[in-house]
Amino acid sequence: MSNNSRHYSAIDEAILQGQAMLETLFGKPVAQRENPAKGLSQPALTSAEKKQSIGFMRVNHSGEVCAQALYHGQMATAKNPAVRALFTTAAKEETDHLAWCQERLEELGGHTSYLNAFWYTNSFLIGLLAGLSGDPLSLGFVEETEKQVEIHLADHLRKIPSSDLKSRKIVEYMQQDEIQHGLNARSSGAKELPYLVKKLMAFHAKVMTTLAYWI
């Protein structure tokens, strides 16, 4: 039985969330959809271009680690089963992104961020707080998060080497999914967040993207 169709005790929920964290941080994510870059040939990148692609794909991978944590935190505190189901579906699609980014990093010879455990823990707590604020604000948090992520991905598409078609194709697909997640949240009753909260979210994202690019 799926975990969005029954009630779990606090202990059950803690075990499920702990398992999700371990799978995200230490497991090998399995995508339900085919990698959009499959079939594209490996580009001939200079060392500088490869370093640049690795940096951006590492940022994107860490972003997906954060997305998993946020959604799981929100799932744990969602009041409405329909809202919880929406978070569950989005988290599954974000798992595809996680798998695609990790696969591309491995192809490029790069490593994932050494700070992913911190990103996950921090984002999970934020997700819990968002969920505890009520479903409308929690959905508003998703809408604003996805809006900011879409902007980051658009920026990456301007900076990833034009010859790195594999990385670019993955980012393009991710961008479309993020836009749809935001639209789904809005249509499900998202409430707009206060201006200060949006600015704090943008600051948090800036710290993550800056550090994850290098570490």
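Note: Cβ is positioned from N, Cα and C throughout, glycine not excepted.
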Residue in Glu34, Glu49, Glu94 which Swiss-Prot records at the Fe cation 2 site where Glu146, Glu178, His181 also bind: Glu94
According to Swiss-Prot, which candidate in Glu64, Glu106, Glu107, Glu192 joins Glu94, His97, Glu178 at the Fe cation 1 site: Glu64
Spatial separation of Glu146 (Fe cation 2 binding site) from Glu178 (Fe cation 1 binding site) - C-alpha basis, Å: 5
Cβ-centroid neighbourhood (8 Å) of the Fe cation 2 site, Glu94, Glu146, Glu178, His181 excluded: Ala67, Ala90, Glu93, Val142, Thr145, Val149, Glu150, Asp177, Ile179, Gln180, Gly182
Beyond the site residues Glu64, Glu94, His97, Glu178: chain residues whose C-beta lies within 8 Å of the centroid, for Fe cation 1: Asn60, Gly63, Ala67, Glu93, Thr95, Asp96, Leu98, Val149, Met174, Asp177
